[in-house]
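Engineer: Pulled from TrEMBL, these are the listed features:
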| type | residues | note |
| --- | --- | --- |
| ACT_SITE | 101 | active site, nucleophile |
| ACT_SITE | 105 | active site, proton donor |
| DOMAIN | 21-215 | domain 'GH16' |
| CARBOHYD | 109 | N-linked glycosylation site |
| SIGNAL | 1-25 | signal peptide |
C-alpha cells in the first residue's frame with residue numbers, strides 16, 4: 001500500500017510540475033491580441049498562438065507586461081511556401097517620439113528562396129542600425145528559437161542559442177543605448193510588398209492567402225516594470241545578478257564570439273557598419289570602435 005501511495009504521489013508531483021511549467025508560457029496569461037479581427041488565434045489551451053494575413057488585413061499581439069532588461073525567448077515557425085511580400089515581426093518597443101526598440105523582422109520570399117532575417121536597434125528614436133542575415137536552416141519547416149538578451153551592457157540577438165549580433169553599450173562614446181525606457185513585446189504579420197521582397201519588385205500572391213506564422217514556448221527571465229518600479233529592485237545589476245538574474249551581467253564568452261563570427265562571415269548579407277555609401281560623412285561611432 002505504501003508503494004502504491006508513493007507512486008500516486010510521484011505522478012501527482014509530475015503532473016503539478018507540468019502544470020507549473022505550462023503556466024510560465026501561456027499566451028492567454030502573457031499576451032493580448034491587439035488587432036486583426038479574428039486573424040490572430042490562441043490555441044491548444046494557450047500553448048500556441050498563430051497570426052494570419054489575407055488581402056484585407058494582417059494581425060498582431062503584444063505582451064501584457066513591460067520589461068526593463070530581460071532574456072527573452074520565443075519559438076517561431078514562419079510562413080511556408082511563397083511568402084513574398086510578407087513581414088513577420090517580433091520586437092521590443094517603448095512608446096513616444098524618442099522610443100527605444102529591438103527588432104527581429106522576417107522578410108518573406110518566393111518559394112525556394114531564403115527568408116531574410118532583418119535586425120535593428122533604435123535608441124532615443126534613432127535607428128538605421130540594420131544587419132540582415134540568411135538562416136542556416138529552413139525556418140518554415142519547424143519551430144526555431146529567437147532570443148533577445150538585453151542587459152545594461154549589451155543587446156545580443158540569438159537564433160537557436162547561437163548569437164548572431166551584439167550591440168554594446170557605448171555611451172562612453174556618446175552612442176545612445178536603450179536602458180531607461182520599459183518596453184513591451186510586440187509581434188505582427190502584415191503586407192509590405194512595396195519593399196519587403198527584392199526591394200519591392202516581387203509582390204504578394206494573394207491566391208496563396210491566408211498566410212500564417214506560429215508562435216510557442218515564450219520564456220522571459222526579465223525585470224518586469226510596473227508602477228514605476230522594477231521587479232529586480234533598485235539594486236545594481238551585479239547585486240541583482242547574484243540574486244539569480246545572471247543574465248543581467250551576461251557577456252559573450254570566447255566560444256560565443258567565435259560562433260557569432262561564423263554566422264556573420266557566412267550568413268550576413270547586409271551590415272550598416274560597412275555601408276560607406278549610406279554614410280558618406282563617416283560610419284556611425286559604434287562601427288569604428290574595436291571590440
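Placement of Cβ uses the backbone N, Cα and C atoms for every residue, glycine included.
Note: TrEMBL annotation is automatic and uncurated.
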Engineer: At the Cα level, what's the spacing in Å between the residue listed as 'N-linked glycosylation site' and residue 101 (active site, nucleophile), rounded?
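Structural biologist: About 25 Å separates the two Cα atoms.
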Engineer: What's the number of neighbouring CB atoms sitting within 10 A of the CB on residue 101 (active site, nucleophile)?
Structural biologist: 18
Engineer: In sequence order, which residues at least six apart in the same chain have a CB under 8 Å from the CB of residue 105 (active site, proton donor)?
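Structural biologist: When sequence neighbours closer than 6 are ignored, residue 105 (active site, proton donor) has 87, 88, 89, 90, 91, 117, 118, 119, 120 within Cβ distance under 8 Å.
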